[in-house]
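K.L.:
Quick paste of what Swiss-Prot says about this protein:
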ZN_FING   10-66  zinc finger
ZN_FING   103-145  zinc finger
BINDING   CYS124, HIS127, CYS147, HIS153  Zn(2+) binding site
COILED    168-248  coiled coil
DOMAIN    269-327  domain 'COS'
REGION    326-532  region 'Disordered'
COMPBIAS  328-339  compositional bias 'Acidic residues'
COMPBIAS  347-360  compositional bias 'Acidic residues'
COMPBIAS  484-496  compositional bias 'Low complexity'
COMPBIAS  512-531  compositional bias 'Low complexity'
Amino acid sequence: MSASLNYKSFSKEQQTMDNLEKQLICPICLEMFTKPVVILPCQHNLCRKCASDIFQASNPYLPTRGGTTMASGGRFRCPSCRHEVVLDRHGVYGLQRNLLVENIIDIYKQESTRPEKKSDQPMCEEHEEERINIYCLNCEVPTCSLCKVFGAHKDCQVAPLTHVFQRQKSELSDGIAILVGSNDRVQGVISQLEDTCKTIEECCRKQKQELCEKFDYLYGILEERKNEMTQVITRTQEEKLEHVRALIKKYSDHLENVSKLVESGIQFMDEPEMAVFLQNAKTLLKKISEASKAFQMEKIEHGYENMNHFTVNLNREEKIIREIDFYREDEDEEEEEGGEGEKEGEGEVGGEAVEVEEVENVQTEFPGEDENPEKASELSQVELQAAPGALPVSSPEPPPALPPAADAPVTQGEVVPTGSEQTTESETPVPAAAETADPLFYPSWYKGQTRKATTNPPCTPGSEGLGQIGPPGSEDSNVRKAEVAAAAASERAAVSGKETSAPAATSQIGFEAPPLQGQAAAPASGSGADSEPARHIFSFSWLNSLNE
């Protein structure tokens, strides 16, 4: 306990000496005052040498000798409080010396030069002659050996002072290291928090700027809309004012003319001569009659001056504006996910519908439809004849049967001729125009005539010219195919005659117009299982015989 008290007293004395030294520092040279020390009128102290230097710096034009100002009088400012010090004819030597400060400086120098007392070994408080050499573990205080043998610590456990010293010193060192590490971590956290504060300020500033820009944009829209609506009201105002002012001008002119007539009539009433009066009265009466009959007062409608139809109701907009608030990103993400799911479902259904439409369009398209206008017209006729139910028929007899192509695919490289060069000609009676379909297909001179109609064998997509180019012996197979196709065509014609309610578009699907005479058909896209499905082809080569 005495050692701790001695240490505390020593530390207090050292602190007192340090504070005293701070008070004895000159504000000019920043060292301890040197004699003589002068006191200024403001009660601050300076070294006389420092006071002379500052006085000379404040009065550089005064003559000096040996670094001392010779002229009498002058002034300078206190370096501590900036108070102006006025000197008499003695200059800085006229300032009073501060003997108290000089004595304190002497005492301080004596104390500071005195050798330090060596710290003695601490002694026990109960046994003043015994040194403290053991440490009581129960009471946790240092004590002496006599206290352990006879004193208050005889029943306590003790340990050598050096062991406890080393242990507590290591514990203190570890604690200091832990505190230093903790301080480093805390300092890092503080740095992160400071960065977070800066980031928050920057983000808030950015969001405020964006918010202000958006509201400024809304202000601009409102201002623009206000100007537009104001212009509408202004235009209506100008139109109505122009109309009313035109009426005012019209009525004013009429009033002026009538006033002139009235004035002329009053003057004419004073005419004493009856003959003169009668000569001019007729003209005046005619003018008065015309003025009274021709003028019609145009009244303004009731409420013409009101502008109630320009009233604006902003209750809904006000409600919307008051509901403006910040949105959360979580809600937007959920809405976007829901919208994407709906779009995917619609896309799947729509994709199937688009595929079906594309297949129908592919089946109903005719190749080379836009290449030649004449060919397009002939193809349109083919479409109309391919749908007998779409045209009015005068007689129940069906049109002449046209042999379609056989369903079996033709081998690649085999070419079947078209027109009058194909197969054996046979005389078939051509029905009259009245007995057939639309008379546009059969002219008037065609009635009752018989022409040689030819039966066209199927035209394969692989045909590239006229005439038989295939391998020998293909004629018999073509004739057999033509017979089979004719039988199938008659069955189809019978079925189509019964089903007259079918639309024309359905009869066009799956049919393709045959190539014109002298023009090669498009090559087949494939053969075997990869080739296109068989198409029913109508041939109208019997129309070519009409040119004969």
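Placed from the backbone N, Cα and C atoms, the Cβ positions cover glycine too.
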K.L.:
Counting only residues 6+ away in sequence within the same chain, which have a CB under 8 Å from the CB of CYS147 (Zn(2+) binding site)?
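P.N.:
Sequence-distant Cβ neighbours: CYS124, GLU126, HIS127, CYS136, HIS153, LYS154.
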K.L.:
For each of HIS127, HIS153, count the other CB atoms within 10 A of its CB; which of these binding-site residues has the top count?
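P.N.:
Counting every other Cβ within 10 Å of each candidate, the maximum falls on HIS153.
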K.L.:
I need the neighbours of the Zn(2+) site defined by CYS124, HIS127, CYS147, HIS153. Which other residues of that chain put their C-beta within 8 angstroms of the C-beta centroid, in sequence order?
P.N.:
GLU125, GLU126, GLU130, ILE132, THR143, CYS144, SER145, LEU146, LYS148, GLY151, ALA152
K.L.:
Over the span of the zinc finger (10-66), how high is the average pLDDT in this prediction?
P.N.:
79
K.L.:
What number of additional C-beta atoms lies within 10 angstroms of the C-beta atom of CYS124 (Zn(2+) binding site)?
P.N.:
20
